[in-house]
Amino acid sequence: MKHTEDIIPLSEQDLVLTKKFQHYLLLERGLSKNTLLSYERDLRQFMSWLVYRDIGVSLKDVTTEHIKAFVKYRHEQKKNSRSVARSVSALKGFYYWMMDEGLISVNPVSLLSGIKQEKKLPGVLSEDSVDTLLAQPDTDDPVESRDLCMLELLYATGLRVTELVSLRAGQVSLQQGVVRVTGKGQKERLVPMGEIARDQMAFYLNNVRPYLPGSEEPDVLFPSRKGGFMTRQAFWYRVKKYALSAGMAKDISPHQLRHAFATHLLNHGADLRSVQLLLGHSSVSTTQIYTHVANYRLKQLYQQHHPRA
């Protein structure tokens, strides 16, 4: 029998899925190309293992038992724990993404237990770091003033980057202070903006938007320099620019403002169900990672400040 190192080509359906996942990791998570290649290799090894054992299922049809058996096989190959943990991490990331996209109704990795691996919390910006980042755009420059409005809105609402860059003017109500968002699976939700973001939006619409390059399309809320909607990648580069000017880590991505939105809400007492609705998650299990982040922060504060810690 061949080994899973003899990696077979993916089916067309699975190839499309893995490419979409890579785009998400690159544009919304800001991961490096080397990390993307590692994730792709791990997914291909998993699919090769399924094929060589005549388990004729696509990535969308995988069960928890399939993944457990694959992890057991990897251990039997005498792979080191870091290599196995990376494989598990890739599979978890992929299936949580599929669940959030509405591509599967049951998450095969949510029931995994007894698999030892390093738990990596998503990188979360502190409230001070967010303030520093949002202080970088020059409001005398129309393009940077647009960027500030986008950053304020992203942190105030926790929108996905795709949802943010594709907003139309009619989706924003200054009077009600809400944004009407069409998310994954064409599900619609109303998200409050908050006073600071609403004030910034009002200033942008009245004093900036009419004078931007590409403003000929009035329905596009945040036009690119050439007109039409800004791409996710273009906004990602804008965020990196401001992060660098603030002296922050080079791997800051727009998605981290969504992480910050959720975590800061939980830190200040919001309940998990409310955060789930605001984020547009179809399953509360997807939102639970943020409770781990919040609890981790609480433990840090306790250890730093309690006299008997």
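Placed from the backbone N, Cα and C atoms, the Cβ positions cover glycine too.
If you look up TrEMBL, you'll see 12-99 marked as domain 'Core-binding (CB)'. Taken from TrEMBL, the feature domain 'Tyr recombinase' covers 120-303. Residues or ranges marked as active site in TrEMBL: Arg160, Lys184, His255, Arg258, His281. The annotation active site, O-(3'-phospho-DNA)-tyrosine intermediate is assigned in TrEMBL to Tyr290.
Note on the domain 'Core-binding (CB)' (12-99): DSSP counts are 71 helix, 0 strand, 17 coil.
The 10 Å shell around the Cβ of Arg258 (active site) contains 23 further Cβ atoms across the protein chains shown.
A separation of roughly 7 Å, to the nearest angstrom, links the Cα atoms of Arg160 (active site) and Arg258 (active site).
Mapped onto three states, the DSSP output places Arg160 (active site) in coil.
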